[in-house]
Structures are given as C-alpha cells and as structure tokens.
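*Asks:* Residues annotated as active site, glycyl thioester intermediate in Swiss-Prot: CYS85. Residues annotated as domain 'UBC core' in Swiss-Prot: 1-147.
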Amino acid sequence: MALKRIQKELQDLGRDPPAQCSAGPVGDDLFHWQATIMGPPESPYQGGVFFLTIHFPTDYPFKPPKVAFTTRIYHPNINSNGSICLDILRSQWSPALTISKVLLSICSLLCDPNPDDPLVPEIARIYKTDRERYNQLAREWTQKYAM
C-alpha cells in the first residue's frame, strides 16, 4: 500500500511539481526522499535553497511522513535539528494530503511564521517584538547557510 502510494506521488510530482519545490527518492530507497525548497520571493529567505529529508513510515499515508530541514534556517517554527512545527505533520495529518501539499505548506510557513506555536521561543519573541531584526537575522542565516 505505502509503496504504491509513494510511487504515485512521485509520478504526480514529476507531472505537476509544486512552485519553488522539488522532491524525489535518495538512490533506490523510495521511503527516503530529499526535497528542496527555494526561499520564497518577498521573504527574508529569498535566494536561498533549503534541503529537507523526507522519511515515509511503512503505514503511509495513514501516518504522516517525517520531514526535516537539513539546511539551517532562522525561523520560529523550525529548530536547530531541522524539526518543523506544522500541524499537518502531526495532529492534523490526513491520508488525503500529499508530499506536494506538505511542501507547499512548508513554503507558506516560511512566508507566514506562526509565532504563537513556536519551536524556538526566542526567535518567536523577536518576530513578534522586532520584525526588522527578525528579517535581518533570517536574511543573514539564509546567506550563510542556504546560498
């Protein structure tokens, strides 16, 4: 079941890739993918290329994939291990969701952080109290780690 579904998603991604994103298997292992997300225009991540790993559980799509950034990023919902605080990767997962939709959700999280549900409270605090400084630090990290 999982393998068939993953193969279908891979085909769909090839036919209709989401904007600013790409993903595919690492070698022959269809349960382990690498993805890239281009820093969205008009965001402090613009111009950066961010790499992520995707691990599919054997009971996919009934359980969510494990998705993590391997590129460092300054963001209130993404910690230094690359873990992402995103409801659809946890409690709000649904088998109707696809990797394409997950990547688009992560892209929109880059444009619109959720400082009220932070993984990194300090970054969330700066985001809420000093947006200029947040944008500057996010740009610096993007230049340092993602270019």
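A Cβ is built for glycine as well, from the same backbone N, Cα and C atoms used for every other residue.
I'm curious about the neighbourhood of these features; can you describe it?
*Replies:* Long-range C-beta contacts of CYS85 (active site, glycyl thioester intermediate), restricted to its own chain and to partners at least six residues apart, with a cutoff below 8 Å, comprise ASN77, ILE78, ASN114, ASP117, PRO118, LEU119. According to DSSP, CYS85 (active site, glycyl thioester intermediate) is assigned to coil rather than to any helix or strand.
The DSSP breakdown of the domain 'UBC core' (1-147), given as helix, strand and coil counts, is 54 helix, 31 strand, 62 coil.
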